[in-house]
Amino acid sequence: MQIFVKTLTGKTITLEVEPSDTIENVKAKIQDKEGIPPDQQRLIFAGKQLEDGRTLSDYNIQKESTLHLVLRLRGGMQIFVKTLTGKTITLEVEPSDTIENVKAKIQDKEGIPPDQQRLIFAGKQLEDGRTLSDYNIQKESTLHLVLRLRGGMQIFVKTLTGKTITLEVEPSDTIENVKAKIQDKEGIPPDQQRLIFAGKQLEDGRTLSDYNIQKESTLHLVLRLRGGMQIFVKTLTGKTITLEVEPSDTIENVKAKIQDKEGIPPDQQRLIFAGKQLEDGRTLSDYNIQKESTLHLVLRLRGGMQIFVKTLTGKTITLEVEPSDTIENVKAKIQDKEGIPPDQQRLIFAGKQLEDGRTLSDYNIQKESTLHLVLRLRGGMQIFVKTLTGKTITLEVEPSDTIENVKAKIQDKEGIPPDQQRLIFAGKQLEDGRTLSDYNIQKESTLHLVLRLRGGMQIFVKTLTGKTITLEVEPSDTIENVKAKIQDKEGIPPDQQRLIFAGKQLEDGRTLSDYNIQKESTLHLVLRLRGGMQIFVKTLTGKTITLEVEPSDTIENVKAKIQDKEGIPPDQQRLIFAGKQLEDGRTLSDYNIQKESTLHLVLRLRGGMQIFVKTLTGKTITLEVEPSDTIENVKAKIQDKEGIPPDQQRLIFAGKQLEDGRTLSDYNIQKESTLHLVLRLRGGMQIFVKTLTGKTITLEVEPSDTIENVKAKIQDKEGIPPDQQRLIFAGKQLEDGRTLSDYNIQKESTLHLVLRLRGGMQIFVKTLTGKTITLEVEPSVNTKKVKQEDTRTFLTTVSRKSPSCACSWV
């Protein structure tokens, strides 16, 4: 087909292409015509930059479509993207990159879908179709990434005149964004707007969710009078300083102005108004400080107030402190008095452990308050928290930390509010008020973090008697929680319940969302029969181990039993039955392992090998594998790293699509081999295959399936070996290594299947009536001269087969 390529100069180039051509091929054709090297070309279609490894059909580029050619400026530039958690991502970009391209790069690095990303620069939200240069984003600029919470909400803004404005916002919108929306509606410049909520002035860089502003909340809009106001600051010597300020100035700003006038460092200043010490992060308006108010300046004298610290031995220590002292300072004072190093001290007040960077006033610790000192056992311990995306967070904790403390540490690291966190250990959800030691959580234990999705859903549980139970659950509920709900309804103890979904037994510690169980899904409940059975495990040395098991035991359970008997760690065990490697999450009954069956135990050699997986975006993933790993195992590892479900992955090596049940060694995949990962487009399509007998076979395929794959599907359905199959479409025989899209085979196309007979061959004879006859023949020994009698015999054969054939010879 023909397509057009339009340059920025207005010139249009015509190219002859096929839908199966890659973008790389198209760039090569442009180079042939125009002499522009491919690495300087960027092709745009429908507002998207096209990736080299994808095909024209991937982007639905059809005949006479027009692509836009943008020249890649040599060098590009780096920009930074800062997340709300404080993490900074570095991206290689060009000024001509669209915001959509930038979001795609962030997805490649962080796995965040573009539709959940909002990018902010200079207080403005960036639009997908615009470029970096449109926003004057230059090298080393910093963008801010805000996650788009699904849904949005309405809030109200009330002015001093009584008018109420309705705004469509998201919790992640910054105050600056909100002011821009008000400007769009009312024409009031943002720098003249002050927004108040719950008595506080809102700061531009913070988000609505930072202030817990929820749907239908009402903000108050106050216009900022140009020029500000005067206040006075009186020192203990009686001197009065005059300052020009605004109600929205923070106490920190005021101290800076005092430093400018008087040279007193801010950390030595304490400002008092109406008998209260003013905190740095608050504003003058927070304290109702108005024009011509007088503040009192007190120099921070070493001393302040007394507090008490009580040790576990009952000893009480008296300390001289100030409300602005940090917990770190207090620990240093305790070290001075008692010789206990700060890293071994834990201070408790009102039941909470105090954090080093916070101040006494942050915790409302006042004069003569009593803190409790607990000695930190040397080093504490590390635990790991694994999220559903596969990310693992490391935390420094102590056995006496509460679950609430742990959630606070996760919030500090990841920015996830505690009320959205659910922590799971050993299949149990952990309660806020309990400690790690209450749950026997020890060093290097792994907790699982599940985000609490708002709302909940209904699912159904069907028993073998046909009864259906309805349960109210959340996607983040564990299977153990679900079994407890079933016990509440039906009285069946959890240890007698086995839950099945999509043919798999569900494990206690996993969640409903782990298994993609959605609203109104149906689980099947099977009762666990008491009793069990014996199986045998044979090692390579010939030793046979006897195990007591149940059909519902997982392979993981079996490995644990082997470890108990033989001391071999589960991660070094590979169990084989009927020639297949058994997967940890499956059960014995899944593999039809019955009483007195024999499994074979192979030790997993340490080290394995590395292979690489290259995606269509050019990203390369490194995996640690073993030759005996199945393709299914490899896909699971890719899911752990990249979050791509196995059923959307297709792996290609040496031009062949790899089958789940086969191993890497089956395909001769060795260390440092590179596999290619193609994403399986959702939906696929149906095609028909018509045999010479008139039978029509229906196949589920994808445009990217190779002819070899199609033949394998035919073998699965009809038992015909691929090497005996010849597929015909549009009069052409299809080649194994090509794909359906290469031949423009679309949904509901019909292929013709011809059997390849060993030794001979088939030919077709078309009659004048249009009928086609198939003949089994052998190649002539002498193809240059065909004897007349051979011709006569051949045509007589044809005449017998089809009397309507108009056959003649000379």
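Every residue, even glycine, has its Cβ placed from backbone N, Cα and C.
Summarising the annotation, Swiss-Prot assigns domain 'Ubiquitin-like 1' to 1-76 and lists sequence analysis as the type of evidence.
The annotation ubiquitin cross-link is assigned in Swiss-Prot to Lys6 (among others) on the grounds of similarity to another entry. Sequence-distant neighbours of Lys6 (ubiquitin cross-link) (same chain, 6+ apart, CB under 8 A from its CB) are Thr12, Ile13, Thr66, Leu67, His68, Leu69.
Swiss-Prot lists Lys11 (among others) with the feature ubiquitin cross-link, giving similarity to another entry as the kind of evidence. The number of other Cβ atoms within 10 Å of the Cβ belonging to Lys11 (ubiquitin cross-link), over all protein chains shown, comes to 10.
Annotation comment: Swiss-Prot describes Lys27 (among others) as ubiquitin cross-link. Cβ environment of Lys27 (ubiquitin cross-link): Pro38, Gln41, Leu43, Asp52 lie under 8 Å away, each six or more residues apart in the same chain.
Counting only same-chain residues six or more apart in sequence, the Cβ atoms lying under 8 angstroms from the Cβ of Lys29 (ubiquitin cross-link) belong to Leu15, Glu16, Val17. Annotation source Swiss-Prot lists ubiquitin cross-link at Lys29 (among others).
For the recorded site, Lys33 (ubiquitin cross-link), the DSSP three-state label reads helix. As annotated by Swiss-Prot, ubiquitin cross-link applies to Lys33 (among others).
Sequence annotations record features per position, and here Swiss-Prot assigns ubiquitin cross-link to Lys48 (among others). Counting only residues at least six positions away in the same chain, the Cβ atoms of Tyr59, Thr98, Glu100, Asn101 sit under 8 Å from the Cβ of Lys48 (ubiquitin cross-link). In the three-state DSSP assignment, the secondary structure recorded for Lys48 (ubiquitin cross-link) is strand.
As annotated by Swiss-Prot, ubiquitin cross-link applies to Lys63 (among others), with the evidence given as similarity to another entry. Long-range C-beta contacts of Lys63 (ubiquitin cross-link), restricted to its own chain and to partners at least six residues apart, with a cutoff below 8 Å, comprise Met1, Gln2, Ile3.
According to Swiss-Prot, the domain 'Ubiquitin-like 2' annotation covers 77-152. Across the domain 'Ubiquitin-like 2' (77-152), the DSSP tally of helix, strand and coil residues reads 18 helix, 28 strand, 30 coil.
According to Swiss-Prot, the domain 'Ubiquitin-like 3' annotation covers 153-228. Residue counts for the domain 'Ubiquitin-like 3' (153-228) under DSSP, helix first, then strand, then coil, are 18 helix, 28 strand, 30 coil.
Among the features that Swiss-Prot reports, domain 'Ubiquitin-like 4' is placed at 229-304, with the record citing sequence analysis. Along the domain 'Ubiquitin-like 4' (229-304), the predicted structure has mean pLDDT 83.
Under the heading domain 'Ubiquitin-like 6', Swiss-Prot lists 381-456, citing sequence analysis as support.
As annotated by Swiss-Prot, domain 'Ubiquitin-like 10' applies to 685-760, with the evidence given as sequence analysis. Look at the domain 'Ubiquitin-like 10' (685-760): DSSP puts its residues at 18 helix, 28 strand, 30 coil.
Within 10 Å of the C-beta of Lys33 (ubiquitin cross-link) we count 12 further C-beta atoms, all protein chains included. On a Cα basis, Lys33 (ubiquitin cross-link) lies 12 Å away from Lys11 (ubiquitin cross-link). DSSP classifies Lys11 (ubiquitin cross-link) as coil under the three-state reduction.
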